[in-house]
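A short worksheet on the structure shown next.
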Number of protein chains: 2
Amino acid sequence: MSDNDKLEAIRERIDSLDQQIQQLINARAAAAQEVADIKLAADPDAQFYRPEREAEVLRRVKARNTGPLDGEEVARLFREIMSACLALEQPLKIAFLGPEGTFTQAAALKHFGHSVKTTSLGSIPDVFREVESGICQYGVVPVENSTEGVISHTLDTFLSSPLMICGEVSLRINHNLLSHEAGLDAIKAVYSHQQSLAQCRSWLDHHLPRAERVAVGSNAEAAKMASDASGCAAVAGETAAEVYALPVLASNIEDEPGNTTRFLVIGNKDAAASGEDKTSLLFSIRNVAGGLHTILSPFAEHGISMTRIESRPSRRGRWDYVFFVDINGHRNDQSIAEALAELEKKASLFKVLGSYPRAVL
Amino acid sequence: MSDNDKLEAIRERIDSLDQQIQQLINARAAAAQEVADIKLAADPDAQFYRPEREAEVLRRVKARNTGPLDGEEVARLFREIMSACLALEQPLKIAFLGPEGTFTQAAALKHFGHSVKTTSLGSIPDVFREVESGICQYGVVPVENSTEGVISHTLDTFLSSPLMICGEVSLRINHNLLSHEAGLDAIKAVYSHQQSLAQCRSWLDHHLPRAERVAVGSNAEAAKMASDASGCAAVAGETAAEVYALPVLASNIEDEPGNTTRFLVIGNKDAAASGEDKTSLLFSIRNVAGGLHTILSPFAEHGISMTRIESRPSRRGRWDYVFFVDINGHRNDQSIAEALAELEKKASLFKVLGSYPRAVL
C-alpha cells in the first residue's frame, strides 16, 4: 500500500471514530436531559450542577486512562463535554473577580468548562453579592488575591456571607521580571507584591543579590512603579507587562516551577461527598496562646489531617482572632462530624464554610 | 421504579457512555499518531496541522448533528478533541496580538482549541516576525485592530512579509457605554475608535442624540479620556471598563447583535482546498479610476464572487494604491486560477495572500 493509501485508510477510520464519538456525546446529553426531567418533576427549583458527581467522573476518567492521550488532557475534554451537557439542562452563570482575561477567569473556565457564561466583577465582595442575589449561581474568587491588583482577603468575606464553598481550583501561575533596563546589572530595586517576591526568592537571590526588594500593594502597581523610574524592575505577570509596556527581562522566574494559586468556588450550598474531599471551617477563640492547641485536639484525636491553618485578626473585638482551617475529608464523615461538634463547643465563633471535592484538574 | 432508582440507572448509563467516549477519543489519538509516523518517515519536517482537513471534519460534525446538543457546541468539542490529538503529534505554538485576555487570544483559542501554547506579542509586525522566525508555527491577528488599542493595519504587513493566510476566525464582540456619570443626561461627549462609534450609531442616535462623538485612537484611549473628564463617556469593551474603573452605563449597545470581528491565521503556507474556501489577494494598479473596473473583469467573466474589497494607499509611490480582495473559492480551482493569471498580467503588483477554509465555528 502506498503512503497515500495508508493515510486515506487511517483518515477513514478517524472519520468513523468521529461519528461514533459524536453519537455517544449526544446520547450522553440526552441521558443528562432525562436526569433533569426527573429532578424537575420532583422539584421545580432543582439544581443540576453536582460538583461531587463531576469530580468523581473526572477522577474515574484519569484513573482508567490508557493513553495515548494524557489523563489530564482527556479529563479536560470530559470537563468540556460535561459543561456542554449541563448547559443544555441549565445554563450556568459564573461570577468571577475581573477584569476579563485574569487568572480568576481562567480558573472559572478550568473548573466549569467553556459552556458557561462568565460575568466579570470588580471586587471579591461584589462576586459574593452577585451569587447571594441569585444573578449568578456560582462565583470564583482567589483565596488571597495578590497577582491581580486588588488586595482583599476572600476568607474574611465568609464571616458576613451565607455562601458556602463548593469547590476549589488550582492554577499554575508564572512570574516575570519586567524592566526598561537593558540588563540585570542596572537593576537597583525590584517591586512586587510580597507574596510574589517570596515566590521568586531563590531566583532574586541568585540573579539580583544586591537589588533592594520593595513590597507594594499589587503586581500591577509594581509594574507601574517600575515603568516610571530608572534602575527598577517589577515581578509581575504577562498582562502587567503589556499594560505598562514593560519588556520582559526574564520569564518564569518563580522558584517552584509548579507554582499554583488556589481559587474557591462559592455557591448557595456546598457539595455532597465525592470520596476525596476537603472541608473548610472558621472559628474564633478568646485566648489564643493556650487555646489553639486545645481547640484543635479533636482533629488529632480523630486522626484528621489539617492541610492549612491561617489566623486573621477579627474586626469584632480587640483580642479576637479568626482561624481558617482546611481539613481532609467531608463534614458528613462520621469522625469529622464528631470532631467538628467537639470543636464547636469550645469556640466562641464557629462556622463550616463547606465540604467540596479536592481539585481534580 | 423510584426516582432514585431511575436516576441511578441513568447515571450508570452515562458512566458507560463516558467509558466508550474515552476509548474512542484515545483510539482517535492513536490513529492520528499513525498518520504522524507515516508522514515523518517520508519527511522529517512534516507539518501535521492541516486547516482544510480540520474545517472538513467540523463541517461534517455540524451537518450530521442530530442533537440534543447544538451543532455549534458539538463542533466546539471536536475542535478541542482535534486540538488534543494534534498536541500529541506536534505541540503547536501560536503567536497572537496581546496582551493576554484580549479578543485576539480568544480568537486563537477558538480556532486552535486549548491544547496549543499561545504567546502574547505587542504588535502585529511582532506577530509576523515570531512566525517568520519559526518560534511560533502560526499567528493570529485581527484584520484591522480597533478594539485592542493598537492601530495597525494587518493587510499592510503582508506587503513586506512572505507569510500566507491559512485561516480566518470570526468572533462576536460587544460594546458598552462606560462613564462615571450617573445617567445618560449628563453625557456631553462620547469617545471611541471610529469603527466602534460606527458600530453603535443607531444606539447613540437614539439614546445620546445631542452628545458629541469624538473618534480617538483606540477604545482603551477613549476609556482613559472618559475616566479623566466629567460629562464624558466611552464606547469600549469590558476590559477597558475594569482597567479604568469606569462603570458600565449600558451594555451590548452595538447595532448588530451579531457584531463580529474577523481575525486571520497566518503561517508559512496556506491551506489545501476544503470545499468551502476563500482566497485573499493584493494587487496594485497605476491608474485607479478606469483601471479598477478593467482589472477586476476576469472575476466577473469567470463567475467569481468577491466578498470584500478594500483600498489602501501604498507607501511605495505617490499615486499607487494597493487593493486587498477576498473572493470565494480556492486558488487551485480552475476558474480562479485562470482569473488570477489574467489579473496578474494587468497589475503592477500582484500577490496571492492565501487560500483557506471559510470560518466554521
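Residue numbers in this text run from 1 along the chain shown.
Note that Cβ sites are derived from N, Cα and C of the backbone, with glycine treated the same way.
Over in TrEMBL, the protein carries these features:
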type	residues	note
DOMAIN	B:1-93	domain 'Chorismate mutase'
COILED	B:7-34	coiled coil
DOMAIN	B:93-268	domain 'Prephenate dehydratase'
SITE	B:T261	site 'Essential for prephenate dehydratase activity'
DOMAIN	B:280-357	domain 'ACT'
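B:T261 (site 'Essential for prephenate dehydratase activity') carries a strand DSSP state (E or B). Using DSSP to sort the residues of the domain 'Chorismate mutase' (B:1-93) gives these counts of helix, strand and coil: 73 helix, 1 strand, 19 coil. B:T261 (site 'Essential for prephenate dehydratase activity') is surrounded by 21 other CB atoms, counting those within 10 A of its CB over all protein chains shown.
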